[in-house]
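Feature list (source: Swiss-Prot):
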DOMAIN    1-242  domain 'tr-type G'
BINDING   10-17, 74-78, 128-131  GTP binding site
Amino acid sequence: MKIINIGVLAHVDAGKTTLTESLLYNSGAITELGSVDKGTTRTDNTLLERQRGITIQTGITSFQWENTKVNIIDTPGHMDFLAEVYRSLSVLDGAILLISAKDGVQAQTRILFHALRKMGIPTIFFINKIDQNGIDLSTVYQDIKEKLSAEIVIKQKVELYPNMCVTNFTESEQWDTVIEGNDDLLEKYMSGKSLEALELEQEESIRFQNCSLFPLYHGSAKSNIGIDNLIEVITNKFYSSTHRGPSELCGNVFKIEYTKKRQRLAYIRLYSGVLHLRDSVRVSEKEKIKVTEMYTSINGELCKIDRAYSGEIVILQNEFLKLNSVLGDTKLLPQRKKIENPHPLLQTTVEPSKPEQREMLLDALLEISDSDPLLRYYVDSTTHEIILSFLGKVQMEVISALLQEKYHVEIELKEPTVIYMERPLKNAEYTIHIEVPPNPFWASIGLSVSPLPLGSGMQYESSVSLGYLNQSFQNAVMEGIRYGCEQGLYGWNVTDCKICFKYGLYYSPVSTPADFRMLTPIVLEQAFRKAGTELLEPYLSFKVYAPQEYLSRAYNDAPKYCANIVNTQLKNNEVIIIGEIPARCIQDYRNDLTFFTNGLSVCLAELKGYQVTTGEPVCQTRRLNSRIDKVRYMFNKIT
């Protein structure tokens, strides 16, 4: 049986969950349609998803049509959950990008399409909700050509009156774009030679698989228009990116999930081989795990299975598998382009509404961060506060709702702040000698620090010979440096800095690596105090797409938000403004753009790097370390 994995992607409220329900219903996988409004769909499982009518976590279901099994990945549609989208894209054989006939191409549509093209995933456009009043498909086509790609093949004609129907074009009506994109075919056509349908179909298929041509279909998921045709298209156009024939096992973990009973599930896409129940499988060329239970989706339901074949998505109950772990032969994993996960830019303090639920909250955050690497947290050793870092305010709302719904913990969140970093201002050196008070450690250490250009990251080198100070002591110094760089003079991580281990002395046999590990961050702090540090804040590169009449306002308002305009371009009826902006200002700038353009603007942003902050220094409370803080205090007092 052929197995293909497809993604359903769209902007918020374009109808992707409803489309999934219609595909399941029309294929016979389910006997009754679920409803987003009633909260009865197969793929929106959390209370927040049902209440908001949006998808937050990746949902997986399936149907069978003739000799093909189709696994459907119903992905999120909000910017704060793009990491969930990106993790899912890597397992897809193809994608359906939904566009609402009423709303056209939205900001999120552009972001998702960019990701699909970057990762080389064949994509079909599906214009949904064509049965709504006031629809002008020619405007939607133009919107797609201007904002996504001009290389579309409209495969159907839509008759709105007297009875709405969708019919396939005849061959002669759909080949223009295919011919125009191939010089040989165009020359043959212009010379009057006949073109065989087979060579046109082959050309379309090649360009479709190469993501340089995008077939376009129509329908209404809610009214069940065009769904049967879409099922035929899915099963015939998409190919499985798997190794055919006998081969070693290879699979990749793309999702971790915890059930309400706290069972830990790992979702795995198999790319080659066969996975059997009770198999012992090597993970990422390291330890082995034993397959004790295995599930997959069959006609919309999770079912136990005893074997799974190449192309399948399987679910294992396992405590050790991590996101991106590879089962079996790592060399057989397809080499797809990767999209970097967005970098958490905000942090806040969280506490349970009921103090007695603190341990429950920490246990819950451990599970949530295990399944979502963009959520990070730590407990401040000074204040004992729980600090969360995350992407955006919607993600923060989702975490709050998830904690309440699944873990029965209500929380209180403080206003989020931007995550800063630090860099030394100048070169400096500092040495602490053995047996010289107040040094209590059996070690002498000398370190130098030097600022590096922005974006360089951390560099380390040792001038102390391994012949004198062996590897275990050298490793201890590196560990101490890593720890010391976690908190600069303002309490933030230190970056863009070169640190050199210039001098070391030990007494045998009393000195231990622990002495060097403990002393290193104290020496490093004194070097930073001599050098001074400056505060760096995250900057985003952004692109604003807006109607041309709003150019002046968008351009002139940028300095109010500390934005620097780098370039402006005119394309079709739009202006594209390219620039840089502090992360702390992006949300206000977006809100302003949305307001004065009446919602017609799109602002895309991603982390560019860190720059010296222009505002007042923002301090973060230093985390305590009982073993070295007394010594730190003594050195700070004498310097």
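Each residue, glycine too, has its Cβ placed from N, Cα and C.
Keep in mind the model is a prediction, meaning the values are calculated, not measured.
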Exercise for the section: Just name the winner among Ala10, Ile130 (the binding-site residues) by count of other CB atoms within 10 A of its CB. Expected result: Ala10
Exercise for the section: Within 10 Å of each Cβ, count the other Cβ atoms, then let me know which of the binding-site residues Asp13, Lys16 comes out lowest. Expected result: Asp13
Exercise for the section: Restricting attention to the domain 'tr-type G' (1-242), give the mean pLDDT. Expected result: 82
